[in-house]
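Contents: one structure, followed by commentary.
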Amino acid sequence: MSTTSHTTGNPGAHGADHDGAMRRTDRRRGGHVHGPTGHEVPVTHAPTATAAPPETLVTTALPASGAGARWLAVTRIALALVFLWAFADKTLGLGWSTPSERAWIRGGSPTRGFLANVEVGPFTDTFHTLAGNALVDWLFMLGLLGIGLALLGGVAMVVTAWATSIMMVMMWAAEWPPARFTGAGEPSGSVNPLVDYHLIYAVTAITLAATFAGHSWGLGRRWQNTRLVRRLPWLR
């Protein structure tokens, strides 16, 4: 009599393998696993370490504030009045440095009196040639007016600083403070061989631009936010 043997798997072992596979699958899915009693057991995951973004050092020039900002505004307005007064006096002949008969509106030259009397320095002949030139007169007067108005309004401070510096350095060269005596041997009147008020004005204009002095008591903030200045930042 032949005997047929039937091989049956161990139900306990098979169930254990099945439960283990389920637990591994659930771990990968981040859900719950079923414990031996059939209850769901939450699976906790260790936090994944993420690299912190590198710190970025941002340096932004900020306008001065408080009393410092107010004094910068006072300085800006005072310097503006220096240029605007020079323009008005030379244009109208108010009688301070320009007599009425030599007023620009009466045919006088705003530059002749200054440049024609240059007596010292290596650029004497050059300045004598420029004295009374109509183009030089217009450039000089427009420079005085433009610088004065820009400083008064607190706008285009960077351009104004450049324009002021160029004009003042040229006037410094015309007076040439390093010279103690003129070509005729007379005292030049210089009291400092390096620094005079022209250079002080230039340095002041640069300082006002660098400290955003137009933002206090001026239109600097509005000017800076205009479409033109956003497209051309050098006009700030």
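For all residues, glycine too, the Cβ spot is worked out from N, Cα and C.
The region 'Disordered' feature in TrEMBL is assigned to 1-51.
Residues annotated as compositional bias 'Polar residues' in TrEMBL: 1-10.
Per TrEMBL, compositional bias 'Basic and acidic residues' is recorded for 15-24.
Taken from TrEMBL, the feature compositional bias 'Low complexity' applies to 40-51.
Same-chain residues lying 6+ beyond the ends of the transmembrane segment (138-163) with a Cβ under 8 Å from its Cβ atoms: 73, 76-77, 79-84, 86-87, 90-91, 104, 110-111, 205-206, 208-210, 212-220, 223, 234-236. The transmembrane segment annotation in TrEMBL covers 138-163 (among others).
Residues of the same chain lying 6 or more positions beyond the ends of the transmembrane segment (199-220) and with a Cβ under 8 Å from any Cβ of it are 61-64, 69-70, 72-73, 75-77, 79, 82, 147, 151-155, 157-158, 160-161, 164-165, 168-169, 172. If you look up TrEMBL, you'll see 199-220 (among others) marked as transmembrane segment.
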